[in-house]
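Undergrad: What TrEMBL records for 143-179, 144-161 is disulfide bond. According to TrEMBL, the transmembrane segment annotation covers 12-35, 47-72, 79-104, 191-217.
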């Protein structure tokens, strides 16, 4: 009976890690796409871009999932132990990031973001990539500029207009809502979903650690520690 349960656990772990591996590949592809097509022009960074962050996350997820899948499938104790340690480190990093977000000054963050976004508006006059990103955001969230449409001065883009052309007449312009407030409001509305997703992720990681350690102990007792 115990042997059947462990075999079932082994294949469950293989299936979950395969799904995680495919998710990691998807994140990796998204990161490569953003770098190739420069879709992160709206998010200038002093150190690391959103695309690079996605690349790093994709590599980490695929590597950890690969170790877990092979370790469970081949009953390899070394891979299972490495999988357990990497998951533990990942959880500690997530907790550290969550603590930093809790204690980060929201007003300072908004101030820095506002300044960075206003710089991209100036840059959009000479960069088609940045201009296209702004058009996409403004059409998606029905907003204009960072604080309001006055951020564009006298060169309000077509994505800020209700009609085919921009006009000084107010009926041809969108409601003067800034994209920063609109996007911030969207994130606040979806904060609960994000929190649930993080909790689910942590539960999966804890289960992964429990499963890997259970298999690790079983393999050690069975004398299969070098099975490949």
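Every residue gets a Cβ built from N, Cα and C, even glycine.
Just so you know, TrEMBL annotations never went through curation; they're auto-generated.
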Undergrad: Of the listed stretches 12-35, 47-72, 191-217, which one has the most C-beta pairs under 8 A with the transmembrane segment (79-104)?
TA: 191-217
Undergrad: Which of the three DSSP states, helix, strand or coil, fits residue 179 (disulfide bond)?
TA: helix
Undergrad: Fewest other CB within 10 angstroms, which one of the disulfide-bonded residues 161, 179?
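TA: Minimum Cβ neighbour count within 10 Å, taken over the disulfide-bonded residues 161, 179, occurs at 161.
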Undergrad: How long is the line from the C-alpha of residue 161 (disulfide bond) to the C-alpha of residue 179 (disulfide bond), rounded to the nearest angstrom?
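TA: Cα to Cα, residue 161 (disulfide bond) and residue 179 (disulfide bond) are separated by 14 Å.
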Undergrad: Residue list, the transmembrane segment (47-72) vs rest of chain: Cβ under 8 Å, 6 or more residues beyond ends.
TA: 10-11, 13-14, 16-18, 20-21, 23-32, 34-35, 39-40, 78-80, 82-83, 86-87, 90, 208, 211-212, 215
Undergrad: According to DSSP, collapsed to three classes, what secondary structure does residue 161 (disulfide bond) have?
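TA: The residue in question, residue 161 (disulfide bond), is strand (DSSP, three-state).
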